[in-house]
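Per TrEMBL, these features apply:
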DOMAIN    48-233  domain 'Reticulon'
TRANSMEM  57-74  transmembrane segment
TRANSMEM  80-98  transmembrane segment
TRANSMEM  157-190  transmembrane segment
Amino acid sequence: MDNSYSEDLCGVEPNGDGRIDDPASTSSSYKLFDRRTSVHQMVGGGKAADVILWRRRWVSCGIVVVATFSWLLIERSGISFLSLCSDVLLVLIVLLFLRANYAVYRSKQLENLPELLLSEEMVNNAAASFRVKVNYVLLMAHDITLGKDFRLFFKVVIALWLLSVIGSLISFFTLAYIGIIISVTVPALYNRFEDQVDRCAGIIHRKFSKHYKIVDESLHSRLPRTLIKDKDS
């Protein structure tokens, strides 16, 4: 599919300099997921965001290679994930034990291994972030059960239905592998083509909102007036 078709799909045209100008979309600065920060901050910031956005190419490439190799090994060989993790840890511990005893036998000095400790600040930050997300999910569940937000109810129903369909077709480890690949590739591609994606997403969002408004008005017109008054109150 050529570039002209994708430009027509988003309703934009290139100017003389080869850039894409769209008066309707430039006036409405729509951002995907209604974000107010950069893509780097949206994915968490720090070293993890650098890996997700491929600013550390070797680490990102290593994650893709290891995830692909693990998926092929588990799915093709039939080994369970728990058995594979146990075997890998067993081999690692045996090698480290033999290495330490060999160094003592040869009277060599081993390199000091870094201590792996969780600081109180890290635990508090993780707990605070987890608490905020849990409260947000509980608030969504509260709004859905009371029928206050039909759009949110529709999104949750569609998401759960898609997860049910996907879970019946593929295994959990395959789903986890797909999630890893998507988390490493999609944010990086969006960061590179941010303006074009936001422009197309803004056009789709406006069309979807227009159709949703029509459906919502038609549903309100069919409901009895008493129900509408109770809902508004």
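If you go along the chain as it appears here, the first residue is 1 and each next one adds 1.
In case you wondered, yes, glycine gets a Cβ from its N, Cα and C as well.
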Query raised in the report: Which residues, given as numbers and ranges, are at least 6 beyond the ends of the transmembrane segment (157-190) yet have a Cβ under 8 Å from it?
Result: 32, 39, 43, 51-54, 60, 63-64, 67-68, 70-71, 74-75, 81, 197
Query - Distal contacts, the transmembrane segment (57-74) - CB-CB under 8 A, six or more residues away - result: 51, 80-81, 84, 173-174, 177, 180-181, 184, 188
